[in-house]
Amino acid sequence: MRLLERMRKDWFMVGIVLAIAGAKLEPSIGVNGGPLKPEITVSYIAVATIFFNSGLSLKTEELTSALVHLKLHLFIQIFTLAFFPATIWLFLQLLSITPINEWLLKGLQTVGCMPPPVSSAVILTKAVGGNEAAAIFNSAFGSFLGIVITPLLLLLFLGSSSSVPFTSIFSQLFMTVVVPLIIGQIVRRYIKDWLERKKPPFGAISSSVLLMIIYTTFCDTFSNPNIDLDKFSLVLILFIIFSIQLSFMLLTFIFSTRNNSGFTPADTVAIIFCSTHKSLTLGIPMLKIVFAGHEHLSLISVPLLIYHPAQILLGSVLVPTIKSWMVSRQKGVKLTRPTV
């Protein structure tokens, strides 16, 4: 019974495993030209659905209300979309001499290029009791920035790997990402009261569509006899991903708790999660567009598929530790505050 409850709670993780297993058993269903016609249903309809859904769910009023914390927002966005990918690129120059599968290493670079997620960083920040408004702003604003910056970063670091012309990539991004997102925001203005009252399961809808994208991506992998993923590379990538997450969480903690940083303990909590978390919901569709038709797309996607559950797992484990630190710091501030 407890196992069923756990599976119900983590249904998306179970879904990823089942999607990959299903693709392994019968890859012909989800390949290009197959019964599912992913070149249409996934490349256009599924991706557009995810971003229309994002447009409906993103609360623009919360973006404007949190604008005053400019220093905090700059820190998070620069760390996420500049420092993170640049550091990963330098790290990969060292890893390139190892026997790790080169396409998994390229996949690590794509992780670095991704924007923050819309949900997980906010959920964990709230669980600790950190600056939730800042987390909401940076998750939403980072998603908007990511629509433009992430494809540019992917082309900057991995441009030679993509067989799709630059103009083709951005025209498809515009039609399947920007337009649905804007339409979603416009529709939201007219049905905002209904959305607040009914609270549709936006996360579950996007996650379900995402499972279809993951399934078809791995159908391409398993239908290609030239692709072989060795277990040694996979285990090393798993270790590297957890190491990267821990290192960057520690780094953001050190930077944001310096005496002259100007950040409160609650700000630090938002910084730790928002700066180090990466979006799977936005990332996989973007990889599908930027690397459309690429025979190694699924291998490139593997690190991001690992990073997503890893960041939730690691964040959840660290919630009690970070919370006790934040509470003790806040008590310390109150004790040192002069009484009148």
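Using the three backbone atoms N, Cα and C, a Cβ is placed for every residue, glycine included.
As given in Swiss-Prot:
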- 1-10: topological domain 'Cytoplasmic' (TOPO_DOM)
- 32-37: topological domain 'Extracellular' (TOPO_DOM)
- 59-71: topological domain 'Cytoplasmic' (TOPO_DOM)
- 93-116: topological domain 'Extracellular' (TOPO_DOM)
- 160-163: topological domain 'Extracellular' (TOPO_DOM)
- 185-201: topological domain 'Cytoplasmic' (TOPO_DOM)
- 223-234: topological domain 'Extracellular' (TOPO_DOM)
- 256-270: topological domain 'Cytoplasmic' (TOPO_DOM)
- 292-298: topological domain 'Extracellular' (TOPO_DOM)
- 320-340: topological domain 'Cytoplasmic' (TOPO_DOM)
- 11-31: transmembrane segment (TRANSMEM)
- 38-58: transmembrane segment (TRANSMEM)
- 72-92: transmembrane segment (TRANSMEM)
- 117-137: transmembrane segment (TRANSMEM)
- 139-159: transmembrane segment (TRANSMEM)
- 164-184: transmembrane segment (TRANSMEM)
- 202-222: transmembrane segment (TRANSMEM)
- 235-255: transmembrane segment (TRANSMEM)
- 271-291: transmembrane segment (TRANSMEM)
- 299-319: transmembrane segment (TRANSMEM)
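A contact between the transmembrane segment (38-58) and the transmembrane segment (271-291) is present, since 3 or more of their C-beta pairs, 6 or more residues apart, lie under 8 Å.
Proximity of distant same-chain residues to the transmembrane segment (117-137), defined by a Cβ-Cβ separation under 8 Å and at least 6 residues beyond the stretch ends, is recorded for 54, 57-59, 62-63, 65-67, 69, 72-73, 76, 143, 203, 264-270, 273-274, 277-282, 308, 311-312, 315-316, 319, 322-323, 326-327. Residues 38, 207-208, 211-212, 214-223, 305, 309 of the same chain lie 6+ residues outside the transmembrane segment (11-31) yet bring a C-beta within less than 8 angstroms of a C-beta in it. Counting residues of the topological domain 'Cytoplasmic' (1-10) by DSSP class, helix then strand then coil, yields 8 helix, 0 strand, 2 coil. A contact links the transmembrane segment (139-159) to the transmembrane segment (72-92), because at least 3 Cβ pairs that are 6 or more residues apart lie under 8 A.
A Cβ distance under 8 Å defines the sequence-distant neighbours of the transmembrane segment (299-319), meaning residues of its chain 6+ beyond its ends; these are 13, 16, 101, 103-104, 106-108, 110-111, 114, 117, 120, 124, 127-128, 161, 214, 217, 221, 227, 229, 234, 237-238, 241-242, 245-246, 249, 273, 276-278, 280, 283-284, 287, 291. Long-range contacts of the topological domain 'Cytoplasmic' (1-10) within its own chain (CB-CB distance under 8 A, at least 6 residues past either end) are absent; none are counted.
Within its own chain, the topological domain 'Extracellular' (93-116) is flanked in space by residues 76, 80-81, 84-87, 138-139, 142-143, 145-146, 149-150, 153-154, 157-158, 161, 229-230, 232-234, 236-237, 240-241, 244, 274-275, 277-279, 282-283, 286-287, 296, 299-304, 307, which lie at least six positions past its ends and keep a Cβ under 8 Å from the stretch.
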